[in-house]
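Here is the structure we will look at, set down as structure tokens.
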Amino acid sequence: MLSPNHTIVTEFILLGLTDDPVLEKILFGVFLAIYLITLAGNLCMILLIRTNSQLQTPMYFFLGHLSFVDICYSSNVTPNMLHNFLSEQKTISYAGCFTQCLLFIALVITEFYFLASMALDRYVAICSPLHYSSRMSKNICISLVTVPYMYGFLNGLSQTLLTFHLSFCGSLEINHFYCADPPLIMLACSDTRVKKMAMFVVAGFTLSSSLFIILLSYLFIFAAIFRIRSAEGRHKAFSTCASHLTIVTLFYGTLFCMYVRPPSEKSVEESKIIAVFYTFLSPMLNPLIYSLRNRDVILAIQQMIRGKSFCKIAV
């Protein structure tokens, strides 16, 4: 028999970013535009990589998967958020909340390790160019994307099961625009110590281990670049890393201050602002950053416009 303090939960209420009807209409237009740009930019990037023979390299193989994750990442949150902007009942079903929470955690972790894989690729390309084709073989590249997918989704499932194993009672209003872990935990009326510790350990390990791989890779990369005698050679070597470094800085900078701390009312309010950046702006900016700072991508876009890019399909 259920305790009278416990509730059979069928849906949650998402408080979103604002309750001002006028501002909601404006935000609907803004986030719809961001979402459409995100879809167009990332789909275009995937299409370029799949159809242009000049982009059939490990670096663009990883970038294609990064674009795919960004599409999934944005699509996991945006449609429901847009619907709630125009709806009086800003609800999400229990199953929908579970799925959104699982996918969000899984895709975030996957993206962390994709960025680490891309750093390893740049390390091999710059520090061991003669062995690049053998060390970054097709099988190795597939492994470097398969492992992050598996690790991300296993962690996402375990973390989400821990969250939804909690008992929810009283208010079911989630102080966020999607089903995020910290505000969900604050609704629980059962012991949350195990969940909080698990969230802290997984987030801390994921952030620190993936960032360690990236920093160590760039330590060797910068050492190799500074040994290049010509300024032109140094500039060319660094330019191959500039886009990746920009994305890493944006992504890690926003997420570091969100998950490696216990949830509280203040941290949840701050995390809503931070989440807008990495949930909407980061997936939109990633293909733009790679397009504007990469001559190969610019050339591929020009060839696509002229109808000359459909050469062969990548695996």
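Every residue, even glycine, has its Cβ placed from backbone N, Cα and C.
Since this is a predicted model, take the numbers as computed values, not measurements.
Membrane topology taken from Swiss-Prot puts ILE13 and GLN302 on opposing sides.
According to Swiss-Prot, the feature transmembrane segment maps to residues 140-160, out of the candidate ranges 140-160, 161-181. Within the chain carrying the topological domain 'Extracellular' (76-99), a Cβ under 8 angstroms from the stretch's Cβ atoms is held by residues 9-16, 24-25, 27-28, 31-32, 35, 107, 160, 164, 174, 177-179, 184, 279-280, all 6 or more beyond its ends. Averaged across the topological domain 'Cytoplasmic' (293-315), pLDDT in this predicted model comes to 64. Of the candidate ranges 26-46, 140-160, 197-217, 272-292, 26-46 has the most C-beta pairs within less than 8 angstroms of the transmembrane segment (55-75). Tallying C-beta pairs under 8 angstroms between the transmembrane segment (26-46) and each of 140-160, 197-217, 238-258, 272-292 places 272-292 first. For the topological domain 'Cytoplasmic' (47-54), residue counts in helix, strand and coil come to 7 helix, 0 strand, 1 coil, using DSSP.
Taken residue by residue, the topological domain 'Extracellular' (161-196) breaks down under DSSP into 15 helix, 4 strand, 17 coil.
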